[in-house]
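Below you'll find the structure, written out as structure tokens, and then a few comments.
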Amino acid sequence: MLDPNLLRNEPDAVAEKLARRGFKLDVDKLRALEERRKVLQVNTENLQAERNSRSKSIGQAKARGEDIEPLRLEVNKLGEELDAAKAELDTLLAEIRNIALTIPNLPADEVPVGKDENDNVEVSRWGTPREFDFEIRDHVTLGEMHSGLDFAAAVKLTGSRFVVMKGQIARMHRALSQFMLDLHTEQHGYSENYVPYLVNHDTLYGTGQLPKFAGDLFHTRPLEEEADSSNYALIPTAEVPLTNLVRDEIIDEDQLPIKMTAHTPCFRSEAGSYGRDTRGLIRMHQFDKVEMVQIVRPEDSMAALEEMTGHAEKVLQLLGLPYRKIILCTGDMGFGACKTYDLEVWVPAQNTYREISSCSNVWDFQARRMQARCRSKSDKKTRLVHTLNGSGLAVGRTLVAVMENYQQADGRIEVPEVLRPYMNELEYIG
């Protein structure tokens, strides 16, 4: 959520920055609501002051032996007017907040302006795509050859966009997640966490999934039953529970940065993806991901983004997978991000790069929703922290990349050296 003071005092500047994202801010409506808020605020404060004054007069009149009934009636009437004014103000403030919750984050100044993914800017490349001297098989064909990917069984159990993994393919999937966790915890300084896969609505509001993206989630009960404490949603990413661990907390600055990682399944309805990537593991309703989250001082967040992106890159480099790094343009960034790098891995069967990691600096956008603050040791003042999140990596898509990039002419799949300790030193699948 954006700073309310910024929306009040600099709406035109905010609107200009949001326009870079393709978001039209209704400045006139915001101004009208703000003017109304000021009037109601003053009216409420005046009624409160008048009621307090009259209440004090009752005691004074009583001490003088005067009839207090007229004053008592007046105080009661003022109380009713005050309650009505407060209710009207609360309704207006709720309307302003609901609007604020639908406004995306401001893009950082260095983010390239653009409309969609076609305007993203490539930053660098690592590795050279392998040249094959045989017909390339895609991961679905390879998975079926080794009885490792069973989409038909998943359709029987659940439906489309699910998979049953078996045998050595399932083992490699597990090995990838273990390798990623070990790398991030042992070399990159993250603490491993196990988190709930179901979260409440406060948690989803904290990281920005609600109210705007309710349709992308799997809910245990209809969304309108929000007040019920047992109404949960499956997590779309471990970013949600990990980041919310600091909700309503004040953290001493010398405890920052906080670096957390978790391996979880992720659940997404893919509501806007009908007809896209219908074959294979690229776009699933349920997929595994190793997530990285950092909680940092505001002045450290841009450097932390570079560091976190480097941590995701290291996974790909150690696996020997060619990839490219791009900076997302304003029109392609996620709702809460102020700056995002995507890593795209080479997928031979598609002859293209596909997203495998997204690393974002969210600035204080989530922290304001969560009221997550840090305290300076010198002056004891508090301020909002900055939060960052990144995929390190999406496990299923990494499996796709390994299977296709390491395939052999006879259909066997070479196991990357860094994964062999997790697979009893197995060199080939098949």
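Any Cβ shown, glycine's included, is placed from N, Cα and C.
Quantities reported herein were computed from a predicted structural model and do not represent experimental measurements.
What Swiss-Prot records for Thr237, Ala238, Glu239, Glu291, Ser391 is L-serine binding site. Annotation comment: Swiss-Prot describes Arg268, Ser269, Glu270, Glu355, Ile356, Ser357, Ser358 as ATP binding site, evidence class sequence analysis.
Taking the features listed in Swiss-Prot, we show where each one sits on the structure.
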residue : record                : DSSP class
Thr237  : L-serine binding site : coil
Arg268  : ATP binding site      : coil
Glu291  : L-serine binding site : strand
Ile356  : ATP binding site      : strand
Next item on the list: Just jot down the residues in the same chain as Ser391 (L-serine binding site), at least 6 apart in sequence, with C-beta under 8 A of its C-beta; none if empty.
Entry: Lys289, Val290, Glu291, Met292, Ala312, Ile356, Ser357, Ser358, Cys359
Next item on the list: Have a look at the binding-site residues Thr237, Ala238, Glu239 and say which one has the shortest Cα distance to Arg268 (ATP binding site).
Entry: Thr237
Check: Nearest to Glu270 (ATP binding site) by Cα, among Thr237, Ala238, Glu239 (binding-site residues)?
Finding: Thr237
Next item on the list: List nothing but the one residue from Thr237, Ser269, Ser357, Ser358 whose Cβ has the fewest other Cβ atoms within 10 Å; the candidates are the binding-site residues.
Entry: Ser269
Next item on the list: Based on Cα distances to Glu355 (ATP binding site), point out the closest of the binding-site residues Thr237, Ala238, Glu239.
Entry: Thr237
Item checked: When distances run from the Cα of Ser269 (ATP binding site) to each of the binding-site residues Thr237, Ala238, Glu239, the nearest one -> Thr237
